[in-house]
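J.: Below are the features I grabbed from TrEMBL:
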- 54-375: domain 'PDEase' (DOMAIN)
- His130, Asn131, Phe132, Arg133, His134, Asp171, Asp280, Gln331: AMP binding site (BINDING)
- His130: active site, proton donor (ACT_SITE)
- His134, His170, Asp171, Asp280: Zn(2+) 1 binding site (BINDING)
- Asp171: Zn(2+) 2 binding site (BINDING)
Amino acid sequence: MLEKRVELEGLKVVEIEKCKNDLKNLREEMSSRGSSRFNCSCKYNLDDGKKVTPRRDVPNYPKYTLSQETIEALKKPTFDVWHWEHNEMLSCLEFMYHDLGLVKELNMNPITLKRWLLAIQENYRNNPFHNFRHCFCVSQMMYGMIHLCNLKEKLTLTDLVILMTTAVCHDLDHPGYNNTYQINARTELAVRYNDISPLENHHCAVAFQIISLPECNIFANVNPDTFKNIRQAIITLILATDMARHGEILECFKQKVKNFDFSNEEHVICLKKVLVKCCDISNEVRPTEVAEPWVDCLLEEYFMQSDREKSEGLPVAPFMDRDKVTKPTAQIGFIKFVLIPMFETVMELFPQIEEIMVQPLRDSRDHYEELKLLEDAMTEVKPMSLINQHLLTEIQHIMETLVRQ
């Protein structure tokens, strides 16, 4: 009965807020009718994405009860992310927050946590790669790294909630076209954020737009100063996922890792940036049968962008051009020069990741290098086949001439 009363009181507050928002919108609409407004004719229109909408009902997605086998599997990078429906992934994310003690630590309302997760899912678009499954993938890897690296003993629970929430929110409302496209096409996002990490800034904005809804505010019971710190930390980490800043962030971590101090705030912030980056691009850490479909998804998204760039007369990156790139060429350089150096640097601080995370990256590099050799061999065979066919045609022509004579 007490829970019911609390829920009813919460709904009253939400309805009051809704009325206030409706009145505010009505006033703005009335005032706008009296003056002409200038609309920016940008190529990318923010209105074609899903809206952040309040959920005043109690979430009713089918509850998936996690088996002990699933609970154990969730803690490992080998977890197969392809066999789960959206409601099952939502249940897994909900479990992670409870299991890490984040719900208790921040005094989260469990119903609010459900509503927040639903709003998050609804605000990921159905892109080939940057979609809700990618969000779940990154969040599950973060959960796995927290367990694998014993981060509960080394970081605060507030740090863990920052890491998990960043992972969940880091690509919200991603349009499927990267920062280079946004800037070159002079989209509304690029104009709004002055060409500075437009997508990452947008992901942050959508994340806190959702949290600003009373029924989705998982930080409602946190004191204002703590919330301010959490908000700033999440923004910092989401902005760190811009690959344009990869070299700068990794170099910063390399300078600190030899004498790393978990009591030094600057060191910990640098570690959290690298952990988020690792999880964001960690697909090749997973078993081949789990990792390889992600390459197909990423290439599909790349090809969509490069086709659009060609049609709009914009520059096209060779690694996104369907006429120039293959799976091996797309992966080898990325694994060798981005993934392995970053994970090996993290390994200096957490040696336990070598077997389960770094070695699979080395195996993946070897796998794609073998595929590249086969690809090159096939490319060489084709011209020889054409030459042989040409010779056969010539011989046949000579024989036919001789017969006629």
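The count begins at 1 with the first shown residue.
Note that Cβ sites are derived from N, Cα and C of the backbone, with glycine treated the same way.
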J.: Within 10 Å of the Cβ of Phe132 (AMP binding site), how many other Cβ atoms can you find? Include all protein chains, please.
T.: 21
J.: Express in Å, rounded to the nearest integer, the largest CA to CA distance found among the AMP-binding residues His130, Asn131, Phe132, Arg133, His134, Asp171, Asp280, Gln331 named in the record.
T.: 23
J.: For His134 (AMP binding site), just count the other CB atoms lying within 10 A of its CB, please.
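T.: Excluding its own Cβ, His134 (AMP binding site) sees 22 Cβ atoms within 10 Å.
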J.: Rank the binding-site residues Asn131, Gln331 by how many other Cβ atoms lie within 10 Å of each Cβ and give me the one with the fewest.
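T.: Ranked by other Cβ atoms within 10 Å, the binding-site residues Asn131, Gln331 bottom out at Asn131.
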J.: What other residues of this chain sit with their CB within 8 A of the center of the CB atoms of His134, His170, Asp171, Asp280, the recorded Zn(2+) 1 site?
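T.: Near the Zn(2+) 1 site, beyond His134, His170, Asp171, Asp280, sit His130, Cys135, Val138, Ala167, His174, Thr241.
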J.: Across the whole of the domain 'PDEase' (54-375), what does the mean pLDDT come to? Round it, please.
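T.: A mean pLDDT of 96 is what the predicted model shows over the domain 'PDEase' (54-375).
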J.: Counting other CB atoms within 10 A of each CB, which of the binding-site residues His130, Arg133, His170 comes out lowest?
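T.: The binding-site residues His130, Arg133, His170 were compared, and Arg133 has the fewest Cβ atoms within 10 Å.
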J.: How many whole Å apart are the CA atoms of Asn131 (AMP binding site) and His170 (Zn(2+) 1 binding site)?
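T.: Their Cα atoms are separated by 11 Å.
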J.: Ranked by the number of other Cβ atoms within 10 Å of their own Cβ, which of the binding-site residues Asp171, Asp280 ranks first?
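T.: Of the binding-site residues Asp171, Asp280, the most buried by Cβ count within 10 Å is Asp171.
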